[in-house]
């Protein structure tokens with residue numbers, strides 16, 4: 001099990017890996033990786049609403065597309081987290097960010113890592129989020145939990161990570177982001 005202080009120290013001492021084959025588009029998005037500061041820290045995830053046009057019913061971090069009014073990509077992640085699951089932006093202690101990743105939808109997604117105090121009154125925006133749940137941070141960061149498939153998409157090979165947590169299949173970009181974080185802190 002990793003303690004919160006060990007996680008923070010490892011995260012802040014390691015540079016994120018260099019980005020891989022980033023797209024040249026201007027479609028930017030951000031997600032918040034909310035780590036809840038409990039005695040046994042947890043990582044907050046959501047199950048997207050079944051009525052959404054894209055990625056319906058999938059497990060995801062709170063986040064979304066950058067708005068022209070956002071002052072930074074961090075502001076995008078914080079705004080989206082507040083809209084989707086009622087995380088007050090002033091309650092998030094931003095630790096930093098991981099290397100941006102290309103999404104299958106053509107966005108350049110920047111993962112923002114932030115700490116949350118325990119006991120926040122979170123509730124989902126039902127138009128976007130069907131469920132909020134937490135995964136023990138030590139389990140999410142265990143590299144041995146991950147499996148992967150190598151798939152070909154648009155003529156390029158992609159590694160798709162996945163793992164199960166209880167009844168939740170965590171896969172695709174979300175699992176790739178967690179896997180990237182796990183590699184960075186090497187639990």
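In case you wondered, yes, glycine gets a Cβ from its N, Cα and C as well.
Note that the structure is a prediction, hence the values are computed from the model and not measured.
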Of the ranges 64-86, 87-109, 110-132, the one Swiss-Prot annotates as motif 'Nudix box' is 64-86
Reduced to three DSSP states, the domain 'Nudix hydrolase' (26-157) has 23 helix, 54 strand, 55 coil
